[in-house]
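Visitor: My questions will all concern the structure given below.
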Amino acid sequence: MLKQAVRNIKNAYLTPFGIAINGLTILFYGILLSLNNTYQRLPIYIIIFIVLWLIINIISILQERNKSINLSKKHVLTYMIVNVLCGYSLIIAFISIYFIGATVNEFNVFNYWLYLLIILLVSWIGFHLFCISYFKVIDLSINKLIQVIGIILIILSIISLIYFAFIVPITDGENMFIVGGIIALLCVYGLLTRSYYNYSWYLYLMKNGEEEVQ
């Protein structure tokens, strides 16, 4: 049971989802970067993100394909961190198509990039608070309150992303990539919920032992 819980964390099914999202992202990257020599005018923040995005996804793929499973808390926490980083990198990657399109149209959208990162950070904080309290990764007397705070932050972040999609400068519906990113965010929530559930189960088994649970 313990090994199965860790296996479920390690193999978070982010790779199949990532193949679809990354495939679409790379396709649109290829189309947009060839327009007006956009690849020569990419903002440094986009270049830095692309490098980090590639590194994170390579690590995630290696994590899922590596057959060995380490049951130590340090390694399991590492699996969780990789899952979260990979999931959110997929969302940012898809939305970044908008920012490359903005570069094609010579818009300065760095401030919007910062807004996006802040919104997604709030999104993760809310999601994290909800999951660790709901699945009792932490077991406090205020767990219900933490859940409510988490839900509020999640809802606020989604509303903020929807609002964000309508305030960014556009020329021909490029903000639809932001809407697509919102859909991707909901999918990532689902995949990461599985990881948090199994992490909670792992901690419970580590504390109580498999024999006692059985």
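Just so you know, glycine gets a Cβ as well, placed from its N, Cα and C.
Annotation source TrEMBL lists transmembrane segment at 12-32, 44-64, 76-100, 112-135, 147-170, 176-197.
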Visitor: Cβ under 8 Å, sequence separation of at least 6 from the ends of the transmembrane segment (12-32): give me the contacting residues as numbers and ranges.
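Guide: Result: 38, 57, 60-61, 64, 79, 83, 86-87, 90, 93-94, 96-97, 100-101, 103-104, 177, 184, 187-188, 191-192, 194-195.
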Visitor: Residue list, the transmembrane segment (176-197) vs rest of chain: Cβ under 8 Å, 6 or more residues beyond ends.
Guide: 8-9, 12-14, 17, 21, 28, 79-80, 83-84, 87-88, 90-92, 94-95, 97-98, 101, 120, 123, 127, 131-132, 135, 137, 154, 158, 161-162, 164-165, 168
Visitor: Which sequence positions outside the transmembrane segment (112-135), separated from its termini by at least 6 residues, show Cβ-Cβ distances below 8 Å to it?
Guide: 45, 84, 88, 91-92, 95, 99, 143-144, 146-147, 149-158, 160-161, 164, 168, 185, 189, 192-193, 196-197, 199-200
Visitor: Where else in the chain does the transmembrane segment (147-170) make close Cβ contacts, counting only residues six or more beyond its ends and a cut-off under 8 Å?
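Guide: The answer is 98, 102, 105, 107, 109, 112, 115-116, 119-120, 122-123, 125-131, 133-134, 178-179, 181-182, 185, 189.
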